[in-house]
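Everything on this sheet refers to the single structure shown next.
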Amino acid sequence: MKQELLNRFLSYVKEDTRSDESSHSIPSTPSQVEFAKKLVGELQNLHFSDVSYNADNGFVTATVLPTTKKKVPTIGFISHMDTADFESRNIKPQIHKNYDGKTIILNEEDNIVLDPSEFVNLSNYVGDTLITTDGKTLLGADDKAGIAEIITAMSYLIDHPEIEHGLIRIAFGPDEEIGRGADHFDVESFASDYAYTVDGGPVGELQYECFNACSAVIKIKGKNVHPGTAKGKMVNALEIARQFQNALPSLDVPEKTSDREGFYHLVSVEGTVEEAKLVYIVRDHSASLFEYRKDYLIKVAEDLNSVFGDRVTLELADQYYNMIDKIKEDMLPVEIARKAMEKLSIEPIIEPIRGGTDGSKISFMGLLTPNLFAGGENFHGRYEFVSLEAMEKATKLLIQIAQEAVVSD
Ligand SMILES: [Zn+2]
């Protein structure tokens, strides 16, 4: 299983499937369509059923037929095909067998190294086979580890009909990294009772809490006058922008918060005396504090408008919500995953995600979808790596979850 998993993973990461925020097509890049079609071919060769590519939403879906006549919930496994906004051309995965715990040289020429004193997580992988980048690109374990694990686990089930499990559905989607892919996911035709995204980090991660999230765009109109004769006449849009930013609590920022603490994150400022624009993202695990944060932005804008005369407009756009608010109504998928981990002696790591997953959107579409570890570390950059043994554990977990669903019924 290990070799099969490794081969699959290496062949996937070599494909450039970066998504593109500025594109309006679905998927956002043609390379994702190409990759999706390759996956379709592979799934057909491996005798999956109902293999299809949906050109409207960019999702590849397939079915593993049940081996039991018992009434078992249909389980879905989902991961994403795109990679994050970082160099993804010419990915050259490097394999380090039996990792010795020392510094790994990624790129000698540019002196790019994975140093365990900087990345303490490396110490968890001594003796493992590590797959790293060559220092020039990301790796794409996020989330091609998930795809390799799902296909390897499900093809194992297809080859072992003596293992009792219910109907299983799988889906590989585009554009997770730009926060759009799941918007077009067809929950109805996926027809599962519960699903899991396989898109988490280290072994044990089991996540069903995430942020509530919105963006806030503040546009400010100023009035430009020659600075020599500006007294009492000029309205500097940049000065209003400064006051807006200063009105926000200075400790509620990403770099000063952790766990379940929310924030306002100023992501861009542009402007002149004549006009200015501030873009924020707002995050909070608590639905009520999330609403409070949005109300607070509205209040700041109103305050400034009352001082400067209607010059500030605020646009709020919700992005995703904390899935716990749906999942708490039926914790069965979490319990199934927890029991499956227990059987494999994997200690569950249950912590709120400081971000979102496709599963948060899908949960709000009516399909409860917690997130499972895929095994990778240091996502979204050149220091990304994954242990083959961690990927093997994730693969075994998916096989175990399929069996646990039978017991849980
Ligand atoms: Zn991911």
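Quick reminder: no glycine exception, Cβ is built from N, Cα and C everywhere.
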Original post:
Which of Glu108, Glu177, Glu335, Glu342 shares the Zn(2+) 2 site with Asp142, His380 per TrEMBL?
Top reply: Glu177
Subject >> Zn(2+) 1 binding, same site as His80, Asp142 - TrEMBL member from Asp20, Asp193, Asp199 >> reply: Asp199
**OP:** Could you check which of the recorded positions (Asp82, Asp142, Glu176, Asp199) sits closest to His380 (Zn(2+) 2 binding site), going Cα to Cα?
**Re:** Asp142
Original post:
For Asp82 (active site) and Asp142 (Zn(2+) 1 binding site), what Cα-Cα distance in Å is obtained after rounding to a whole number?
Top reply: 8
Original post:
Got a sec? Which of Asp82, Asp142, Asp199, the recorded positions, have CB under 6 Å of any ligand 1 atom?
Top reply: Asp142, Asp199
**OP:** Looking only at C-alpha atoms, tell me how far Asp199 (Zn(2+) 1 binding site) is from Glu176 (active site, proton acceptor), rounded to the nearest Å.
**Re:** 10
Subject >> Protein Cβ atoms within 10 Å of Glu176 (active site, proton acceptor), excluding its own >> reply: 25
Original post:
How many other Cβ atoms are found within 10 Å of the Cβ atom of Asp142 (Zn(2+) 1 binding site), counting all protein chains shown?
Top reply: 26
